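One structure below.
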């Protein structure tokens, strides 16, 4: 048993009392398996770390068949066309949305637990690919895919060449595969490698290895596709320094890196790690939200950010957008880092992140979804989207139904 405690100089606490019990196997395998050598061996039809799950729950919700897996030792639900999930309870043809979270695979049926991994969803194969991460015991180098119609994780067979294990790296979808850049390796060094994985041939290719110019070795950065190019922004180096450098490379001919030098705006104000970056095609701009940065007045300390920065890729100009307003007097998201963001329609959708603020917000992680309207320049409550006509009339009233970001709204900084 391992008990790990963490604190820092900012905290003085009275301690706590922990109660625990010890068993040969967790929960005695819930009565659905045999405990052998401190490990549960589940009876037929059961699975999970302690046999707590049915392999085909609720008869696959009457939208699939219970079939034997390829290993001929366990079962799974084979869903009908138009349904997904380990119990075939998710309709893929519902365009209305239910505003509910669905569990594709419960704990104990998925991958080895990990953090700081990266992945990409390839629509052609309808599969999510995940590489690497940190399991608290080791740095991982496996590549796994979860295909919507198969309801299970599959491990991609290794073939040379193969990237070293890493975490806090970045992955971006591109054509028939995805690119991967940077990350922290198991020896503590950081990487400046650019890899491409072809989902058809299931092979890795090391790119730009002979480039005359190379980016810094980074972790906690972002990798974002902009038309034919890939942009790397931010991150930190092995010496703990945060950077605001921008690099780009042609995704079709990935041989030479270039550094992008801004023509206006303070790059030093945007030294970030754990931020999110998305490309807004209509404004030809990278939108960088949140992240963690050192404080300008006290470099020894850092803080989460709630700022939205914009980099126009053609004009090479940095701008800062005011984001402290929210529709219907709702709150804008709090400061955060290591969240995720995507463009969906005319919204930037932000989920999760580390939001802890010393002696203020005493929680580590957020589980809310936030929507930033790219035409109205305002945060919108997710529940308001149920009343789409209400949102339309509000936007009409404040004259912000523009199809893209307006230059007059930019605040150079």
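Just so it is clear, glycine is given a Cβ too, placed from its N, Cα and C backbone atoms.
It should be emphasised that the depicted structure is a prediction, and the values quoted were computed from it without experimental measurement.
Marked as disulfide bond by TrEMBL: 56-66 (among others). In the structure as shown, the Cβ atom of residue 56 (disulfide bond) sits within 10 Å of 20 other Cβ atoms.
Reduced to three states, the DSSP call for residue 77 (disulfide bond) is strand. As annotated by TrEMBL, disulfide bond applies to 60-77 (among others).
Feature annotation from TrEMBL assigns disulfide bond to 79-88 (among others). For residue 79 (disulfide bond), applying a Cβ distance below 8 Å and a minimum sequence separation of six or more within one chain yields 60, 63, 64, 85, 88, 149, 151.
TrEMBL lists 52-89 with the feature domain 'EGF-like'. Distant neighbours of the domain 'EGF-like' (52-89): 27, 30, 32, 45-46, 102-106, 108-109, 148-149, 151-152; these residues of the same chain sit at least 6 beyond its ends, with a Cβ under 8 Å from one of its Cβ atoms.
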Checklist entry - Across all chains shown, how many C-beta atoms besides its own are within 10 angstroms of the C-beta of residue 88 (disulfide bond)? => result 25
Checklist entry - Between residue 66 (disulfide bond) and residue 77 (disulfide bond), what C-alpha distance do you get in Å? => result 5
Checklist outcome for this item: When each of the disulfide-bonded residues 60, 66 is scored by other CB atoms within 10 A, the minimum falls on 66
Next on the checklist: Can you give me the same-chain residues 6 or more apart in sequence from residue 77 (disulfide bond) with a CB-CB distance under 8 Å?
Outcome noted: 56, 57, 60, 61, 64, 65, 66, 67, 85, 86, 87, 88, 151
Checklist outcome for this item: Across the domain 'EGF-like' (52-89), DSSP labelling yields 6 helix, 14 strand, 18 coil
